[in-house]
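As recorded in Swiss-Prot:
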DISULFID  Cys53-Cys103  disulfide bond
DISULFID  Cys150-Cys200  disulfide bond
DOMAIN    224-320  domain 'Ig-like C2-type 3'
DISULFID  Cys246-Cys307  disulfide bond
DOMAIN    328-414  domain 'Ig-like C2-type 4'
DISULFID  Cys445-Cys526  disulfide bond
DISULFID  Cys567-Cys638  disulfide bond
DOMAIN    663-749  domain 'Ig-like C2-type 7'
DISULFID  Cys684-Cys733  disulfide bond
MOD_RES   Tyr797  phosphotyrosine
MOD_RES   Tyr947  phosphotyrosine
MOD_RES   Tyr992  phosphotyrosine
DISULFID  Cys1020-Cys1041  disulfide bond
MOD_RES   Tyr1050  phosphotyrosine
MOD_RES   Tyr1055  phosphotyrosine
MOD_RES   Tyr1171  phosphotyrosine
MOD_RES   Tyr1210  phosphotyrosine
MOD_RES   Tyr1301  phosphotyrosine
MOD_RES   Tyr1305  phosphotyrosine
MOD_RES   Tyr1315  phosphotyrosine
Amino acid sequence: MESRALLAVALWFCVETRAASVGLPGDSLHPPKLSTQKDILTILANTTLQITCRGQRDLDWLWPNTPRDSEERVLVTECGDSIFCKTLTVPRVVGNDTGAYKCFYRDTDVSSIVYVYVQDHRSPFIASVSDEHGIVYITENKNKTVVIPCRGSISNLNVSLCARYPEKRFVPDGNRISWDSEKGFTIPSYMISYAGMVFCEAKINDETYQSIMYIVLVVGYRIYDVVLSPPHEIELSAGEKLVLNCTARTELNVGLDFSWQFPSSKHQHKKIVNRDVKSLPGTVAKMFLSTLTIDSVTKSDQGEYTCTAYSGLMTKKNKTFVRVHTKPFIAFGSGMKSLVEATVGSQVRIPVKYLSYPAPDIKWYRNGRPIESNYTMIVGDELTIMEVSERDAGNYTVILTNPISMEKQSHMVSLVVNVPPQIGEKALISPMDSYQYGTMQTLTCTVYANPPLHHIQWYWQLEEACSYRPSQTNPYTCKEWRHVKDFQGGNKIEVTKNQYALIEGKNKTVSTLVIQAAYVSALYKCEAINKAGRGERVISFHVIRGPEITVQPATQPTERESMSLLCTADRNTFENLTWYKLGSQATSVHMGESLTPVCKNLDALWKLNGTVFSNSTNDILIVAFQNASLQDQGNYVCSAQDKKTKKRHCLVKQLVILERMAPMITGNLENQTTTIGETIEVVCPTSGNPTPLITWFKDNETLVEDSGIVLKDGNRNLTIRRVRKEDGGLYTCQACNVLGCARAETLFIIEGVQEKTNLEVIILVGTAVIAMFFWLLLVILVRTVKRANEGELKTGYLSIVMDPDELPLDERCERLPYDASKWEFPRDRLKLGKPLGRGAFGQVIEADAFGIDKTATCKTVAVKMLKEGATHSEHRALMSELKILIHIGHHLNVVNLLGACTKPGGPLMVIVEFCKFGNLSTYLRGKRNEFVPYKSKGARFRSGKDYVGELSVDLKRRLDSITSSQSSASSGFVEEKSLSDVEEEEASEELYKDFLTLEHLICYSFQVAKGMEFLASRKCIHRDLAARNILLSEKNVVKICDFGLARDIYKDPDYVRKGDPRLPLKWMAPETIFDRIYTIQSGVWSFGVLLWEIFSLGASPYPGVKIDEKFCRRLKEGTRMRAPDYTTPEMYQTMLDCWHEDPNQRPAFSELVEHLGNLLQANAQQDGKDYIVLPMSETLSMEEDSGLSLPTSPVSCMEEEEVCDPKFHYDNTAGISHYLQNSKRKSRPVSVKTFEDIPLEEPEVKVIPDDSQTDSGMVLASEELKTLEDRNKLSPSFGGMMPSKSRESVASEGSNQTSGYQSGYHSDDTDTTVYSSDEAGLLKLVDVAGHVDSGTTLRSSPV
């Protein structure tokens, strides 16, 4: 029992002690107890002050604000007899030690205070460091008091305040003027506002003592406003710098204090700078600025930021919100429309809703062409079209580009412009035309509308039943309209019909109303309706019995032309023919709502003089217009009197005269490209009065109609049938009238080859013979000249180098031979084209080589050469690279040497193979939308599993047969077997039109391994193996290349500056980074990174990881990349094996070739099995050993956390077991620590150019690198490195913009490269492997 009681007591004591130590209350928390019980303690100077404080938890002391050199005199020690006890000791105290001494619990406000007076009669006033350099700020406010901080070391002094100048003394009055030894002298501020300085004075034993002088500054207090800049909500990405400016505007003589409140106020990287801003001349305000800076924000910095300005009497604040994003992003918001409909003439707005940081660059395209703002369109966050027309209809694409990550998002909106029905006759037919009695008449209504019409209807009404108001747009108003089918009381309608016709390039509806006989004057209305609106036309069908009016000439009159109006009447029926012009003021005379006929008001009309001609039956009255003008337009009335009834009959004719207009071509003539034998048709739309005469020219020569050239529609339409090569050229359409001419040009490009005539062949042969003669003569002359080979060789320019273990560095390049008789190629047979890559001192150019290959006349090649001003060392480096390429020899999966131009008389040029599809990284990124991981069922060339089985057996056999024996150096001109032999066995297909499958990725990996195995067999080390240095040729063949001379690595984010050279750190093995060791096995590490690039479809390695010293350390400690999005467990295991920390444990390239070949064969044997994307947990539980099930990508794992785990934890499958059994290496661990397991900070992206660096990202394993310090022994700063961007697309795109080849370069060359028979077999198998799985051929547009 006794032991239990002791145990209980001990437990209670531990609990209480723990509660006190962590700040948790036990029963209660009492203030600390001091050794003195007094609140005020008085001691003499030069004595020792010692106070002990005891409490219930950790204690600490605060004492008066003393100078820094006296802080060493204050001792705080632990008591020996208690846990929570501290003693404060101040030896030899002085007057300035007077003040409050505080003992308190840490992290709480619970404390005990004692005020200590150190009486020193020689220095009764305390000179405290808190006196702010003897300045007292006051405001002229009668209600405000100011405290002069002249505190005393003696509590009962008799103190007065002296002010000067003028001098004045103030003594305490017990009211508003007082002195307190703990605070100082208190006085109303207005009493000393006049003074320049003040001080306190006291008398002790007839001795007068003074405090320090205090300068009096009269200040204001009003704060007008506080403004934050930027004023709106701030968005930043993690790692970026935050700068907030807080500007306060106050009255003059204001002292201001700033304070900031924000989420991470204890941020160690924050910096606050306060300063005055110089006020503008003439202003009565003062400006203060406080700047808050956080160099690298994190997610914890997100929140509300408040700036507070305090002047002593006034406080003002302003706030803003700072939003911190994990990384730059961009996405379209919800609600983006894909279809917008508008009515012609209206204003259209197409807004863009997006979520992005930072604000994106916005580009608009219409039907693939960029749009710029003009007077009809405004582009920006929304597209605004002022008055939309039909021409504006089309597909509008908005492309958003994130300026940091360069990620792009696009959205297409189709704009449909609806056109309400437009009736063409409205502007052409006068509403006052008249029709002869009893005649058959046809009324037409030509309607254009979009979308098509719902219907067209005809209505009619008697003329007397409607009112006429000429001032209105539609002058006729009828209370009701009758359908034409109800013609009771009107004219009989024979038929109505609708037809469709192509008029002026538009599909229009022509509605026709046939009136059997014109007996009754009436109004006819044509009404058309579609979804956009309605249109109508009212026709005045005025029936007369009398004269007829005609216009001569019959064509539409134009100003400054001569024309005549003829009024013809039967001479036996009518007499007194007279012409009148109907003025605007006398168009008609109204009687209420009824219309008085024109003939009843002829006296109000303007009578015209005319000439009368007569024939046997008619009288004709003619009014002639010489040089007609626009003023001659109007309504003309011909009046004739009936001889029997004396009744006048009037006929009205509207005369329209067109304004003269210079010719104009109203549309654009676009260039056209076609092939031989096709038909070209182009329309030249014109306008002008008089009607222009159209003439066509070809290459400035008049074009006339021929058997294949047809001109129609007044020469507007030009058609060329069965085009020939000579039909290509510049075609000009010229439209002329009396006012001038207008021209428009278009270019016809004719592609294809047509058979040449015998004469052409003879000319070509003769020219070739003459050229060959001069070429031989030039060769004889040039061969007599020798060029020097002296100078130092700067091996740092090379990337594919000899193995340093095989030969000393200074001898290995010099001893390599160059056989000019085998490799020299004449410069005059090389036609240089467009540049493919350009660096600091080198460049690669596309060229046509004539006669470099005996199988063709012309072959497209790539030429490596130096830029102007290259040094002798750079010239030697390129020459050494040429020798290395000769030494390496020929291989299908290496960009092979074809020839060189080394003789004097021109630049040094190295000619290599041209790969038309560019580098593999760019190609894979462009094919992400066409990636199909599974096979479609069925075979491509023949159906059933027989073919697949045959292929798989033959595939493995022939892959094994292709060895590095092909490596013997051959001529630069001829090989044993042409690739055309292989093309005869298979159909040639465009590479960019095939879907990308998992089998393609394995095939590419296998080919690169074959190429690296070959380079290793030739004792060569490639020190920049990456997807940007893998080129893609025809038929899915990949080739290892190095365009070190043509890549500007100063601007390439994949190359990080480390010391003197720039290095591709993401691809380098740890031993290369730290020890500058380049071996075949360090190339295996780079091959593993290349596999990651391939199975991520061109992403940049280590996405989101800052490439710095920390990255290198983690890499050396075993942290590796996560599995790429499109890989299999087997391929990821292969990558991990390549990344083994021990170089000797990494697989050899020969082992990788065997393993990847087995995977490729296993892939071909799947016999119709589709690949299914499974969660990793399901994938790893499968017992199949094919190795072809795809894991879920880490992205999808994040979306479905319950189903899969984004980390790879699995045992090696059977598919890789054989590969490991035959290896000397150990298997990788079942789990891998990846960079996703480690929190990452978003780096600030910046590029540091340095012209002093070498041009190549692939540096030699030379003495130059051996001088660099050993990274294992030293730990230098990696500050000179360029951090990678947080978005993988930025780095990957940036790294490939300067690569040797760019995708999209196409060659007209129809010839093929010559390969050995073994390589031709490999080429065939590679191509079949790329196509056998597709079943039905799937194609897409070229990237």
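Keep in mind that glycine also has a Cβ here, set from the backbone N, Cα and C atoms.
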Restricting the comparison to the disulfide-bonded residues Cys246, Cys567, Cys1041, which residue's C-alpha is spatially nearest the C-alpha of Cys200 (disulfide bond)?
Cys246
Sorted by position, what residues of the same chain at least six away from Cys150 (disulfide bond) have a C-beta under 8 A from it?
Phe125, Val159, Trp179, Gly184, Phe185, Phe199, Cys200, Ser211, Ile212, Tyr214
Taking the Cα atoms as reference points, how far is Cys53 (disulfide bond) from Cys1020 (disulfide bond) in Å?
79
Which has the fewest other Cβ atoms within 10 Å: Cys200, Cys445, Cys1020, the disulfide-bonded residues listed?
Cys1020
Among the disulfide-bonded residues listed here, Cys307, Cys567, Cys733, which has the most company in the form of other Cβ atoms within 10 Å of its Cβ?
Cys567
Can you tell me how many other Cβ atoms are located within 10 Å of the Cβ belonging to Cys246 (disulfide bond)?
26
Any idea what the Cα distance is from Cys638 (disulfide bond) over to Cys445 (disulfide bond), rounded to a whole Å?
28
In whole Å, how far is Cys445 (disulfide bond) from Cys684 (disulfide bond) when you measure between their Cα atoms?
27
When distances run from the Cα of Cys103 (disulfide bond) to each of the disulfide-bonded residues Cys246, Cys307, Cys526, Cys1020, the nearest one:
Cys307
Would you mind splitting the domain 'Ig-like C2-type 4' (328-414) into helix, strand and coil residue counts from DSSP?
3 helix, 46 strand, 38 coil
Other than its own, how many Cβ atoms are within 10 Å of the Cβ belonging to Cys526 (disulfide bond)?
25
List the Cα distance (Å, whole number) between Cys1020 (disulfide bond) and Cys246 (disulfide bond).
62
Which number gives the other C-beta atoms within 10 angstroms of the C-beta of Cys53 (disulfide bond), all protein chains shown included?
26
Spatially speaking, which of the disulfide-bonded residues Cys246, Cys307, Cys445, Cys526 is closest to Cys733 (disulfide bond)? Use C-alpha to C-alpha, please.
Cys445
Mind looking up the mean pLDDT for the domain 'Ig-like C2-type 7' (663-749) in the predicted model?
89
Cys307 (disulfide bond) versus Cys567 (disulfide bond) - Cα distance in angstrom:
92
Shortest C-alpha distance to Cys246 (disulfide bond) - which of the disulfide-bonded residues Cys445, Cys526, Cys1041:
Cys1041
Rounded Cα separation (Å) that holds between Cys1041 (disulfide bond) and Cys307 (disulfide bond):
59
Tally of residues which DSSP labels helix, strand or coil - the domain 'Ig-like C2-type 7' (663-749):
3 helix, 50 strand, 34 coil
Taking just the CA atoms, what is the gap between Cys526 (disulfide bond) and Cys307 (disulfide bond) in Å?
72
Treating G and I as helix alongside H, and B as strand alongside E, what does DSSP give for the domain 'Ig-like C2-type 3' (224-320) in helix, strand and coil?
3 helix, 56 strand, 38 coil
